[in-house]
Amino acid sequence: MGLQPLEFSDCYLDSPWFRERIRAHEAELERTNKFIKELIKDGKNLISATKSLSAAQRKFAHSLRDFKFEFIGDAETDDERCIDASLREFSNFLKNLEEQREIMALSVTETLIKPLEKFRKEQLGAVKEEKKKFDKETEKNYSLIDKHLTLSARKKDSHLQEADLQVEQNRQHFYELSLEYVCKLQEIQERKKFEFVEPMLSFFQGMFTFYHQGHELSKDFNHYKMELQINIQNTRNRFEGTRSEVEELMNKIRQNPKDQKRASQFTAEGYLYVQEKRPAPFGSSWVKHYCMYRKTAKKFNMIPFEHRSGGKLGDGEAFFLKECTKRHMDSTDRRFCFDIEAADRPGVPLTVQAFSEEERKQWLEALGGKEALFHTFNRAIVPRPEGGAQLDKMGFTILRKCISAVETRGINDQGLYRVVGVSSKVQRLLSMLMDVKMCNELDLENSADWEVKTVTSALKQYLRSLPEPLMTYELHRDFIVPAKSGSPESRVNAIHFLVHKLPEKNKEMLDILVKHLTNVSSHSKQNLMTVANLGVVFGPTLMRPQEETVAAIMDLKFQNIVVEILIENHEKIFRTSPDTTFAEPTCLSASPPNAPPRQSKRQGQRTKRPVAVYNLCLELEEGDSPSPLKEDPPSSSQDSLSTPSPTTSAAHGPPGLDGNHLAADGGSCGDATATTPSQTRPSMVQWLNMQSPTTPSSNPAGTPPSPRMSPFPLSPAASIVDKLPECVINRKARAVYPCEAEHSSELSFEIGAIFEDVQTSREPGWLEGTLNGKRGLIPQNYVKLL
């Protein structure tokens, strides 16, 4: 579990648990700051100390390996997992370079040191300043409240009103500062991943160019660099979308905090001052408590908490409420007081004081006091305003008209669906489309009056205006679960299953839309709208959450993944029935058991394989590599164009642990454990092929393990090699696990495939065989000899 999201609505409650979450975020940023300072120091050692370069590299590599990113929420995307694991990959590169060290030019100041210093000073330094302001304002706010609440009720009304106004102004200023600080904390937590990894990427690229035999090494690194750049760009794109949503939510809560409160199990909660009576002659004292009341059980909880004493929780007290009575002005010299009586202590009222008259009335209503206010203290989900759009025959007509116009006139327009139209024109077009008579007369395919971006914006606006998102509130959580876990194949199966649980009209409209988006993505070389970019645009549109919270916004990236899966697997999901044996959504989060890892990946003895096998980018066709973006002026920060990127890869999960098989590796971006053969040192190319870490694409995309998982030790006794004959000649074999080829020299196959003429390969851990007339390499532990 990562860091908990900081909800803006909690800024107004300022509960003890909210303060605990803030401290957790602050501690993580301080840890990041210390780490970056240490990393900068290590980088300077590399520049200035050529003679001690080997030691400095080891320290630098160790620092990279030990640091782990924290994340907000309960899961990460595949891109974030690869970014998290990238530091481990960089560490492996450094360790490998130590044995091949050559005299090289160390021009890393501009590419590494300055960006890190800039990030630490401008971003982390800004958070420190915000923290100082926040702590200072907290002290000032609660000191003023303490002082204000001691004012006698017998003072002149004008004096009291002036004091009330001053306190209220101070509280509003405190809330403003709290909102800004919470927003900044979460922004930095999300920003630091790509802001930190990008300078590292530049550093490695620059360093390799200065090696005597860096040409072959750079080929290996370039492939990983390309994948990581895509991961970073995807994460950045999602961050931009998430940031705009967070800012919008923050502004909504700032404008009307009471109406934006989240659903809660408590009818009322907040701070109250409780009068604690002492023996004569000491009188009484007022102690601040955080109080919670559940009306259904009539249970009242209160916990002493003082913001200025380190924020430590005191021993709480709970009792069942008997009654609540408003305290009259002549019975106490304090304002906003009322009495509550516990069921187990009859006749012994407890006097408490609210922060204001309004809060006292709210507490009295919630507790069943005499003065009731028609305003519930209980938090509730804020209903979304419903537009005129409906999922009816007219809605299907609007959808088909817009799609037909887009595919006829603008399928190759750059930034399709990301470049937004003029708001007034979009609203006018949508109004015309929703009028039956005008809709029939409107010809969008041949009309030059309506720009393509106006049509696409109207289509998106129609989908957003539906009373319920196309993928429904009911199934929203179920769609998110498989996007957070499981292998790509299990994700597709889960979403396939859930799509067929949608109401028939929803499924039909979703089918039409996704088919269109599939067509749009097929023209991505012209319009730059890859599947990932379309996911960013349509994720929030098709899967908006019922309750707007920071936690829901953090799930936006997983909504995007769901839409990507729909686009990539349109034919399977909408044209075939789901597997009848597939479990209910409650089981979707469980990952399937892994098959054993490939022997060759664990052993790392690849000297007999061609270099090209481990430099997959050598054989990429020109059209397969992502093209850089041409930036068009964006209409909004969220709709700016982004680098096209591939999405979820193959449908077969990586084999994992099975009985006496080898232990599974740490993950698709994790370590590649190598065993160095006892012979003369191999050439640079051979050595790189032995030690080259597995790139993200070289793993048949499977269940993404946690980046914190350490690889199991390689045990020779557990090797599958011991269970097979030393020499296999002219045998048959059956596949016991599915596999997708990583190179043209390897075979792809499904479970149950029969191989002919199977022989032992020159590479340990691999066999050679023939399948459907094609001969190639087979992972030894994926098959069973017949």
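Keep in mind that glycine also has a Cβ here, set from the backbone N, Cα and C atoms.
In Swiss-Prot this protein carries:
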COMPBIAS  599-609  compositional bias 'Basic residues'
COMPBIAS  634-649  compositional bias 'Low complexity'
COMPBIAS  673-701  compositional bias 'Polar residues'
COMPBIAS  702-714  compositional bias 'Pro residues'
DOMAIN    7-262  domain 'BAR'
DOMAIN    265-372  domain 'PH'
DOMAIN    389-574  domain 'Rho-GAP'
DOMAIN    728-786  domain 'SH3'
REGION    584-609  region 'Disordered'
REGION    622-714  region 'Disordered'
SITE      Arg418  site 'Arginine finger'
What is the number of residues in the domain 'PH' (265-372) that are helix, strand and coil, as DSSP sees it? 17 helix, 49 strand, 42 coil
Reduced DSSP assignment, Arg418 (site 'Arginine finger'): coil
Residue counts in helix (H, G, I), strand (E, B) and coil for the domain 'SH3' (728-786), per DSSP? 3 helix, 30 strand, 26 coil
Averaged pLDDT, computed only over the residues in the domain 'Rho-GAP' (389-574): 89
